[in-house]
Amino acid sequence: MHLQSPEENQFHSGEDLDSQKPLVKKPLHQKPHCYSLRRCLSLVPSLDKRTIYLTGKGDRPKRHVGNNIDNTKYNLLTFIPVVLFHQFKFFFNLFFFIICLSQFIPPLKVGFLFTYISPLAFVLIVTLMKEAWDDVQRMQRDKELNNTRYEKVTITGHSKSVTSASLKVGQIIKVHHNERIPADLILLYTTEKSGAVFIRTDQLDGETDWKLRKSIQFTQNAHIHSDGDIVALDGHHIVANAPSDQIYDFKGYYQSGEGEREGLSLENTLWANTVLASTGYILGMVVYTGIETRSMMNARDASTKVGKLDLELNKMSKFLFFVMVCISLLVTALDSFKGQWLIKFFRFVLLLSYIIPISLRVNLDMAKIYYAYCIYRDEAIPGTIPRNSTIPEELGRIQYLLTDKTGTLTKNEMIFKKVAMEYATFDLENLSDFQGMLEDNCLKAAGPMSDMDGNNQLKESGDKKPKSGSKQRREQSYVVRDLVTCLALCHNVTPTYPDPEDPTLREFQASSPDEIALVRFADNTLGMKLLERDQQRVVIQNTHGVKEEYHILANFPFSSDSKRMGIVIKHVESGKLIFYLKGAEVVMKDKVKPQQRLVVDESCENLANEGLRTLVISQKQLDPEYFAQWQLRYRDARADMGNRERAIENCLKELETDMELLGITGVEDKLQDEVASTIESLRSAGIQIWMLTGDKVETATCIAMSAGFKSRNQQLFYVKEQTGARDTEKLLDQFGMSPENKILMIDGQSLDMCLQTQRLEEKFFAVATRAPSVCVCRCSPTQKAIIVRKINQYTGKRTCSVGDGGNDVGMIIEANVGIGIVGKEGKQASLASDFSITQFSHLRRLILWHGRLSYQRSAVMSQFVIHRGLIISVIQAIFSICFYFVAIPVYNGLLMLGYATLYTNLPVLSLVLDEDVPVQAVMKFPPLYKTLQKGRSLSTKTFLIWVWKSIFQGCVIMLSTLYFFHESFTNIVTITFTALIITELLNVFSCINKLNWKMVVSSLLTFGCYILSISLLRAYFDTSYLNWRFFLKVLAITLLSWMPLHVIKCCVARCDPTEQQKIMKQEKHQ
């Protein structure tokens, strides 16, 4: 299941665009075909909004889907047809299926039916067993969830135990601590006094941070003394929109019996598959069930990624089919098309069908599983999980690596570095001055904004009065106090006390690590401690140990659309209403006073030039009468079921005007360990690296420099803030003159301009893909996915995307290889990826060693298996030509089955154990990877070389046998087959670069099995003439077929060694 994260709760301007959620599919507005029938069968979600009464009576919808979970892919009727359909989509399997069917036609029967059916049957049976096992596991998991029991509050007010599968819309259920939420619920009541609970959503969206949810105020404050009191609220009902797949959005309202309304949003919901993290229990109204829950509507079948090697082999198999038809036609033509030549032609096609080896699919799949196992067990990259075992060799073909910044290249650990205020800047060196002013103000002032009157004007201080017309300037200590107070109050962090016996031990819970970092800075470093927080109030302790209590009147949480967070609080002691607002520079600079906007621009640019992420802090004192009127308009906007977002935005814009700038904080997100060396190695390996980030261009430049995107002889080239197509094209033309020596820095605005026309888009990717590195700044998640898709489209090269957050899922899915990093933003990227790692530096070994080795081994093994089938077909063709064009098999079915399995399988599989270069040399010489990017290990040249080997060895074995032996047909079978088995074993050793004991044992076991077969299968082998002369002649035939090719290979290696051979020779001399 792939879901898009709505928020990273990053206020910093460096991440304002990076944390935007990708676009998710909107609910359908038009009814699909046959909607009524499919709706009656509970096959599609409802498209109508619903009204649900707490008493269980009244205008309830007549029919809703059940809550039974069914994640199985098949049933008894569809299992075999569906699995077979997916298998016969492959050319290999379809071809052999047709071959099997042909053996039921008597004129086309060329051997034992078992010979042709058994290989295909083996592949299909293994696949059926695997699919059946996986589906049974899914069914058992579903059964366990469906049978989980919950307490339902009946209409009479009593509790009744019911299963999760039997839950229905409109029922009220009780969920306890650490229990799974069985359906989509509206939170009515919680035993927590604050009326808020925390839930864990990692099974829904992959995010590990807890989320805060709030109960409906009407029901929470309804003096509920027992569970039955909740259903006694006659006339109270909930109106909810139709089911939707948007897990970060909900619209509805609660209406009391007296007609009062309370708007409901995401913060009032508990989606299915989340877990209640708070203690006690909750009462929730079931609003969506089964396929209408958010989790089920977001369930998607992961797109199947097909590796380039698989595509290349598929093309080769079609070429081999063409070769097979040509050889069959040639043999038929040599026989002068006599008699029923068409039947003879098809019989030759059947006899030569081993040219296309069905065992290749099985061998390759087994090899891929072994590669995935090696990656998983590699102690040098602990925690690495191969989630897609079908494309490990794709790691060896990567040309473009596209990476996120925050949490991927950096640690996502915010460390305070600077705070820039209107008239002063403080860093770690003079932070003591900042703390001193804070402590002085906490000593002499009773709370925030104590120097301001109710009209936001400076109070008169003694004899000092502001001159008429002069600009009023607040004392610095008051501004410092207000800034730190904002950091301590404006957030969604809740302090918890895990040890009742130790009240000094506090832990912070929030939906964002950034939030906790800021609160910890105010708490631990500056001494403004957060003690309590619930929906109604916040209690902090200032630097002098005095507790300050604030009532929360309104709270505007951060979202990826707003890029800001606000809170309206009332200081209990002074009675002042203060609106705190903090957020990204791009939205905040238009909300502060006009005379302070230049300060915002300059300070943010200076901090960004130092590689710091910025957060703008502001405040405004509110008039109580004005706020009361505004609150009524805001409440109506929150209950709007139509255009709620716009109505709320208009209300907030009214409030967010003429804000007083308090300061801009600058925090550093340090690079992960060994990032620079990893990027250097990947660039040396010929991989072009793109950084896609939401940071400002200045911040991204600092990160790019420190991370090693730019070498000494390269220059930075900027394309930013472009609004015209002509100017953008001129810059691209200028960059395209020598892109190999430049690093392109482009922002999201200019990128949008490049993507507006086809001509400009083609030009951008034509020049950008030639650059060694590209940094795209102010890049949204949607743009990330588009960039990956376009690189694939315009270059045809293999791409790899690396990210750690929900906003990276789009590009991870689009890339040929998606790699997710398990980080502080959760596991969403990891769960959506093909390979999951724990830190960026692991890419070096994963790509350069495992990727290279997987591709190298698969390429050699695939071509060897093709050679194994082709040599048999060559022997068959020569046999038919020499024996008067007879269309009978030279080897019977049992021998052919043994040849494809028992006699050659172990040596072939031992090829996946080969290492052409040791891991130390690969890490030391990254350019070795470049040869794989060009596909030289599996190319037309290497394929034709293997075809030549097959033709040469097949001809030598058959013609030499006819020359040395003139005995009966059974003698020819024994001689050629024995020479063939020994030649194939020697061919395996010719392909191996580093011999180990497993390879030797596999070959000896294979040869031993063959010798045993000769003694046991007397019907197939004529052993009456076995003597020393026979063995000498077989040895001579084997050497004639194998030795010339091996000698040529050794001479080529000595005269024109490959890069691997040069490095191996160099390593031996060291």
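Just so you know, glycine gets a Cβ as well, placed from its N, Cα and C.
The annotation domain 'P-type ATPase N-terminal' is assigned in TrEMBL to 62-116. Here TrEMBL flags 76-98, 110-129, 270-291, 319-335, 865-887, 943-966, 972-992, 999-1021, 1027-1045 as transmembrane segment. The ATP binding site annotation in TrEMBL covers D404, K405, T406, E515, F558, K582, R613, T693, G694, D695, R778, K784, N807, D808. Taken from TrEMBL, the feature Mg(2+) binding site applies to D404, T406, D804, D808. Per TrEMBL, active site, 4-aspartylphosphate intermediate is recorded for D404. Per TrEMBL, region 'Disordered' is recorded for 448-476. Per TrEMBL, the feature compositional bias 'Basic and acidic residues' maps to 460-476. Annotation comment: TrEMBL describes 831-1053 as domain 'P-type ATPase C-terminal'.
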Integer average pLDDT (0 to 100) for the domain 'P-type ATPase N-terminal' (62-116): 81
Non-local residues, at least 6 beyond the ends, that sit with Cβ under 8 Å of the transmembrane segment (110-129): 80, 83-84, 87, 93, 96-97, 99-100, 103-104, 347, 350-351, 353, 358-359, 361-362, 887-889, 892-894, 896-897, 900
Taking residues D404, K405, T406, E515, F558, K582, R613, T693, G694, D695, R778, K784, N807, D808, which bind ATP in the record, the widest Cα spacing (Å, whole number): 27
Cα-to-Cα gap, R778 (ATP binding site) vs D808 (Mg(2+) binding site), nearest whole Å: 14
Pairwise Cα distance for T406 (ATP binding site)/D804 (Mg(2+) binding site) [Å, integer]: 8
Neighbour tally for N807 (ATP binding site), based on other Cβ positions within 10 Å of its Cβ: 33
Rounded distance in angstrom between the Cα atoms of R613 (ATP binding site) and D808 (Mg(2+) binding site): 19
Neighbouring C-beta atoms (10 Å sphere around the C-beta of R613 (ATP binding site)): 29
Secondary structure composition of the domain 'P-type ATPase N-terminal' (62-116) [DSSP: H/G/I, E/B, coil]: 28 helix, 0 strand, 27 coil
Inter-residue C-alpha distance, D804 (Mg(2+) binding site) and F558 (ATP binding site) (nearest angstrom): 20
Other CB atoms, at most 10 A from the CB of D808 (Mg(2+) binding site): 34
C-alpha spacing of D808 (Mg(2+) binding site) relative to F558 (ATP binding site), in angstrom: 19
